[in-house]
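Below is one structure, written out as structure tokens; the observations come after it.
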Amino acid sequence: MLSLSSPPWLLLLVLFFFANGSATVVSLAENVTLATLPSTSPISVSFSTTSSVVAPISTELENQTASSSNLNTNNEASDEQTGNSNSNTSSHSRNINGLPSSNSNIDNANSNSSSVSSLSTTTSAISGVDQQESLILATPTALNGSGTPPEHQTIGQAPPTKGEQEAILRALDWLKEKRASDYGWGNDTHVVILAKELSGGRDPNDSVDGHVQVIQELEDTLSVKEMEIEILAMLDRHHTLPKPLDLDKLARYVLALGSLCKDPKHFHGHDLVATLQHHEPAQDIEFALTTLSACSSAAHVRKRQIRRLLDIASGVTDQSVDAIAMVILALRCIVTDHRHRHLQHFVRRPARGLATLQDQRGSFGSLRSTALAMQALQDLEYDPAGHWNRTAASRYILSRQRADGGWSEEPLQDGQEPDIGVGLTADIILALGWKGLGAVRALQCDHVIRESSDPTENGEPKLAVPFGLSSSAEESDAKNISYTYTLWVGSNVTESFSLSLVSPKNTSFFKAMTQAAEMDPRFIFEAREWPNGHYVHTLYGKKEEPRGYHYWLLYRLPELPDPNNTPGNQLIAPVGVDELMVEDGEHYLYWYKKL
């Protein structure tokens, strides 16, 4: 009976063994096939069986591939953020390489795998594409040399990387140690407050004792009060001595107040923004900074201010990194206003010029210049002609952080302490935190929302594109404008005459001169007509004298000319009398002087 029953049992055992072994062999074969693929092989992902949500991703990223070495170099910031350090073993790095492409080995492996394995592979691949899309949007350098980005792609929306966050916290701790007994930071109180507010300080999820938190808030309040005392003291010195205003510092005070959501137009009875706009700086970088401050407070930016910014932007080859960066920040603030969005394309040229100034180390010169350039260029739409490497810039700055958490320019100058660099450290915090000087306007404080809700700009729907750049239907509006026209005679201004004029919009200065001559005989003039326009050689009976170097020079001024404060050469009109269009609220001066 045993002999008769043995064959069925043995047969069953043999069949069972082969069945299990076969399954194991198939499973191992599949695993071996997948495991032997090189880590740099791009994974082919088909979206034909996925939902419509991921279909556009396949279209936008089709045929784009990236090697693991390039992505590890260019996307270091995002890799730090996700905690990835090894592209060959991490699933995140494998998915980075998983851009849509064709690979017969993968296709064969997928076809040999079971339905469950196929579903798992497809899900993983879709997840990888989702991660890749997020990475591209978060990192300016993700598409370096790997194809055309999606249209209207905005770059730089991701938060700071883990390494940047750690550096910021160390820097904030160092700044706290450097706070003086009056709870200020000397000449850098305003920029430290600005950096602390925009960086967000410590993570609110950090466990901080309630008593310690109250003390920190009180200390921060005392620091703000110290800054307010500094502002009032500066204004008092200006009115009583009188002492010229430090416009650069006043502009930074305005930005710091804005970061605290304090309205600088109502500062203890003072309108700091109006004070800024009343004194126009001669230096381009100071002018751009004051304009940025006014714009960040949602104040009206005058047309002539925008024209000057565009003039500076058009000559970026003659400007420093700091000046170009500040002009970009000012223009970007201006075009956020819906009335000026048609000027947005004027940001592109200076941004391209600035991007070309980045060196192989990632820096833009000094640490301060690099920090300012990072603030100006981040979040801009992708521009192949204006490509820059934020990861390299960040890496360069992080490599220069001192052991105590601060930064300083090296080599140190004679007499400088090794722990200097409070202002520089605050500037770098602004750059690493992805919220720089340009973020003040975006805070949407009450006074900013209130000012921005005004649908008009001095009665006009929006600013017309500056003359000579393009034409606009708004320029043809029959609207009168008011301005002044002044004559000065002599280098020491021995004679002075002024007229207040009202003319139709789009009136050339040559027509304005004709109008003035009809009103007052002292403004009668003579001019030669050349192919490129009129050349004025005689005014008020005074003819130019080339031998004696006496000429008539035309100035376009922000305020009524003052003989005790004569204008500089940077305010000379950039075009001739036929091309110069008179504008509302502007002041024009013809000065007969010796060169």
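Here the Cβ of each residue, glycine as well, is placed from N, Cα and C on the backbone.
Quantities reported herein were computed from a predicted structural model and do not represent experimental measurements.
Taken from Swiss-Prot, the feature compositional bias 'Polar residues' covers 61-83.
What Swiss-Prot lists as compositional bias 'Low complexity' is 84-119.
Sequence annotations record features per position, and here Swiss-Prot assigns N-linked glycosylation site to Asn31 (among others).
As annotated by Swiss-Prot, N-linked glycosylation site applies to Asn63 (among others), with the evidence given as sequence analysis.
Sequence annotations record features per position, and here Swiss-Prot assigns N-linked glycosylation site to Asn88 (among others).
According to Swiss-Prot, the feature N-linked glycosylation site maps to Asn112 (among others).
Among the features that Swiss-Prot reports, N-linked glycosylation site is placed at Asn144 (among others), with the record citing sequence analysis.
The annotation N-linked glycosylation site is assigned in Swiss-Prot to Asn187 (among others). A helical conformation is recorded for Asn187 (N-linked glycosylation site) in the three-state DSSP classification.
According to Swiss-Prot, the feature N-linked glycosylation site maps to Asn205 (among others), an assignment based on sequence analysis.
The N-linked glycosylation site annotation in Swiss-Prot covers Asn389 (among others), and the record cites sequence analysis as its basis. Asn389 (N-linked glycosylation site) is surrounded by 19 other CB atoms, counting those within 10 A of its CB over all protein chains shown.
The annotation N-linked glycosylation site is assigned in Swiss-Prot to Asn480 (among others). Asn480 (N-linked glycosylation site) has a Cβ environment of 10 other Cβ atoms inside 10 Å.
DSSP assigns Asn492 (N-linked glycosylation site) to coil in the three-state reduction, outside any helix or strand. Around Asn492 (N-linked glycosylation site), there are no C-beta neighbours below 8 angstroms that are at least 6 residues distant in the chain. Annotation comment: Swiss-Prot describes Asn492 (among others) as N-linked glycosylation site, evidence class sequence analysis.
Annotated N-linked glycosylation site per Swiss-Prot: Asn506 (among others), in sequence order. In the three-state DSSP reading, Asn506 (N-linked glycosylation site) counts as coil.
The region 'Disordered' feature in Swiss-Prot is assigned to 61-119 (among others).
Feature annotation from Swiss-Prot assigns region 'Disordered' to 141-164 (among others).
Residues annotated as signal peptide in Swiss-Prot: 1-23.
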- Message: Measuring Cα to Cα, how many Å separate Asn187 (N-linked glycosylation site) from Asn506 (N-linked glycosylation site)?
- Response: 46
- Measuring Cα to Cα, tell me the gap between Asn506 (N-linked glycosylation site) and Asn480 (N-linked glycosylation site) in whole angstrom. 9
- Counting Cβ atoms within 10 Å across all protein chains shown, which of the glycosylation sites Asn187, Asn506 comes out on top? Asn506
- Query: Which state, by DSSP, holds Asn389 (N-linked glycosylation site): helix, strand or coil?
  - Reply: coil
- Between Asn480 (N-linked glycosylation site) and Asn389 (N-linked glycosylation site), find the distance joining the two CA atoms and give it rounded to the nearest Å. 49
- Tell me, by DSSP, whether Asn480 (N-linked glycosylation site) is helix, strand or coil? strand
